[in-house]
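The structure under discussion appears below in the form of structure tokens.
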Amino acid sequence: MLPWLLLLICALPCEPAGISDVSLKTRPPGGWVMEGDKLVLICSVDRVTGNITYFWYRGALGFQLETKTQPSLTAEFEISDMKQSDADQYYCAANDGHDPIPSELVSIHVRVPVSRPVLTFGDSGTQAVLGDLVELHCKALRGSPPIFYQFYHESIILGNSSAPSGGGASFNFSLTAEHSGNFSCEASNGQGAQRSEVVALNLTGLSLVPTENGISHLSLGLTGWLLGCLSLITMALIFCYWLKRKIGRQSEDPVRSPPQTVLQGSTYPKPPDSRQPEPLYENVNVVSGNEVYSLVYHTPQVLEPAAAQHVRTHGVSEVQGGIA
């Protein structure tokens, strides 16, 4: 009886075992894709027992993207134009007529090239004074982090900075006369570099004159201002020198020096009878430096009215007597 049972069991059709392993891979590999490029999600099973239905899902909640049925170990789903918003987790599932078996989650990262950055100045704006601390701020509005920035004056690199989490970065420097001109910045995140537009910085007292090559040079504005100040200082010095010379000549000139006078009494005796008008003489010694000058002054005597009348009458009588 037992052998017949064994033969009966072997004669019954045995169902093959179903799939047990499902995996999801990407192309390009590693789960990194550039914005605008194509992403291929490849779903694979360990064995084929007939037609297999493949499912692709986005997100941990399982938003279904695509379904395909085919008798193959692998199936592909393609996203032709990846966007930054497509970065998410993806998985697939396979069903060979039994319950569907899902794969593990795969994270997809979309690399966004940097956009053209914008260069701005800090609080000073595009007008600044020599010696100011100037801030250059460069920002790319789009781009996957980290973003590396370089700052330029004309074609010379001033410095660099980075934004590990994206956004913008700044660079500070002390302003000199050599910094007048055009500034720009460059942004890069490994997916290509972008250069900003050129921004001109004007220094107070200086003007920028564009040349045929588009390069700005310093005009004579500052030079004229300096020459004007120098002229005023020179005129002030000349006036001070002239005034000093004039004072020095006055102190050395004996004629202009105030004379030191020594009055002496008259050496002529006064006559006892002052009826006749007698002249008065005085000696005046003028001392200037080491020299002494003697001057004689004649001072007429002032007569009383009665005496003056007597002199006039006496003089007329003498004249008449002489004529007779």
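Even glycines carry a Cβ here, placed using N, Cα and C.
All TrEMBL annotations are machine predictions without curation.
Features as listed in TrEMBL:
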- 258-267: compositional bias 'Polar residues' (COMPBIAS)
- 16-109: domain 'Ig-like' (DOMAIN)
- 117-200: domain 'Ig-like' (DOMAIN)
- 251-278: region 'Disordered' (REGION)
- 1-16: signal peptide (SIGNAL)
- 222-243: transmembrane segment (TRANSMEM)
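Residue counts for the domain 'Ig-like' (117-200) under DSSP (helix as H, G, I; strand as E, B; rest coil) come to 3 helix, 48 strand, 33 coil. For the domain 'Ig-like' (117-200), the mean pLDDT of the prediction comes to 90.
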